[in-house]
Amino acid sequence: MTTAASPAALPADWRDFFALTKPRVMTLVIFTGICGLLAAPGAINPILGFTAILCIAMGAGGSAALNQWWEADIDAGMKRTAKRPLPSGRMQATDARDFGILISVASVGIMGIAINWLSAIILAAAIVYYAVIYTIWLKPRTPQNIVIGGGAGAFPPMIGWVAVTGEITLMPVLLFAIIFMWTPPHFWALALFVKTDYEKVGIPMMPVVKGEASTRRQILVYSILLIPFAVAPWAIGATGAIYGVSALLLTGAFAALSVPVATRRQIEGDTMKPEKRLFGFSILYLFALFAALVADRYLTPLIESAA
């Protein structure tokens, strides 16, 4: 658990609170939530739709703040995270904790009152999953932390979908499964080129515990397993060819980029270009796949009516 920031820490300004929400990560969370909302059958009042996305963003930001509050000591020992508000001493730990709790609770309450309570319950589960199950229990204990903890980041499209429909059907479950399967190769590619950071602070990431070779093989395995999950919405007839072809091409490219990662070994002075390329593409992949989902939802009917 974190210790308090230095008593001499300056009062945090809004930029520090914003940094607590992990805005770069939140961008992907918000985008997939919007795509889930837009791809869902039916319609939602634009103001309510905006409210639902705002709640998803608040919930993601709140759980991220609680994650940084708990891991401040760990972050201080890692080059990649040492400049965050807590380890750098720009903020008191209690401020970060209280901020995280406040916006997390508010997000669930507003979602339930304004949208529906099923989406609020799923949002609450996502917050607890990330801030408690992943951060406190899984991450410091098992190299499978990313595999099991992947569910935390897989909820947003499901929440967006349920905000519109008010029910859980197969399609939002598949959207959850896509991100769940995408998470291990995405994060393990990162873990390969920041392995020394995790070793230094004692976090049992897969490359640290099981070794580089095992991690590389598992990246390829999960990338291949992602293919049927990504194509499944098309296979069950829930989407058209715009999404289906996009899913095949994008996920095929993802798997192809995993091959050089799986078949090489790090050498002295290695710049880790294949791993960095895969990590970068994995982010682009999720944006493109979910954009194709929305495009399919609105363009397919137009194409069919014009035919």
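Every residue, even glycine, has its Cβ placed from backbone N, Cα and C.
Here Swiss-Prot flags 28-48 (among others) as transmembrane segment, drawing on sequence analysis.
Taken from Swiss-Prot, the feature transmembrane segment applies to 50-70 (among others), supported by sequence analysis.
Here Swiss-Prot flags 99-117 (among others) as transmembrane segment. Residues 17, 20, 48, 51-52, 54-59, 61-66, 69, 123-124, 127, 131, 159, 162-163, 166 of the same chain sit 6 or more residues outside the transmembrane segment (99-117) yet have a Cβ under 8 Å from a Cβ within it.
Below 8 angstroms of C-beta separation, residues 55-56, 59-60, 62-64, 66-67, 70-71, 100, 104, 107-108, 111-112, 144-145, 148-149, 151-153, 155-156, 158-159, 162 of the same chain, each at least six residues beyond the ends of the transmembrane segment (121-138), sit close to that stretch. As annotated by Swiss-Prot, transmembrane segment applies to 121-138 (among others), with the evidence given as sequence analysis.
The transmembrane segment annotation in Swiss-Prot covers 146-166 (among others), and the record cites sequence analysis as its basis.
According to Swiss-Prot, the feature transmembrane segment maps to 173-193 (among others). Long-range contacts of the transmembrane segment (173-193) within the same chain, counting only residues at least 6 positions beyond its ends with a Cβ under 8 Å from a Cβ of the stretch, are 32, 36, 146-147, 149-151, 153-155, 157-158, 161, 205-208, 212, 215-216, 218-220, 222-223, 225-226, 229-230, 232-233, 236, 238, 254, 258, 261, 266, 272, 275-276, 278-279, 282-283, 285-286, 289, 293.
Tertiary neighbourhood of the transmembrane segment (219-239): same-chain residues 170-171, 174-175, 177-178, 181-182, 184-185, 188-189, 247-248, 250-252, 254-255, 257-259, 261-262, 278, 289, 293, 296-297, 300, selected by CB-CB distance under 8 Å and a gap of 6+ residues from either end. Taken from Swiss-Prot, the feature transmembrane segment applies to 219-239 (among others), supported by sequence analysis.
As annotated by Swiss-Prot, transmembrane segment applies to 241-261 (among others), with the evidence given as sequence analysis. Panel annotation: around the transmembrane segment (241-261), residues 185, 189, 192, 216, 219-220, 223-224, 226-227, 230-231, 233-235, 274-275, 277-278, 281-282, 285, 288-289, 292-293, 295-296, 299-300 of the same chain, lying at least six beyond its termini, place a Cβ under 8 Å from a Cβ of the stretch.
The feature transmembrane segment is assigned by Swiss-Prot to 278-298 (among others), with sequence analysis given as support. Residues of the same chain lying 6 or more positions beyond the ends of the transmembrane segment (278-298) and with a Cβ under 8 Å from any Cβ of it are 28, 31-32, 35-36, 38-39, 157, 175, 178-179, 182, 185-186, 189-190, 193, 219, 230, 233, 239-244, 246-247, 250-251, 253-254, 257-258, 261.
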For the transmembrane segment (146-166), distant same-chain residues with Cβ under 8 A (at least six beyond the ends):
25, 28-30, 32-44, 48-49, 52-53, 56, 60, 63, 111, 115-116, 118-119, 122-123, 125-126, 129-130, 133-134, 138-139, 172-173, 175-184, 187-188, 191, 205-206, 290
Give residue numbers and ranges for long-range contacts of the transmembrane segment (28-48): same chain, 6 or more residues beyond its ends, CB-CB under 8 A.
56-57, 60, 114-115, 153, 156-161, 163-165, 172, 175, 179, 283, 286-287, 290-291, 293-294, 296-298
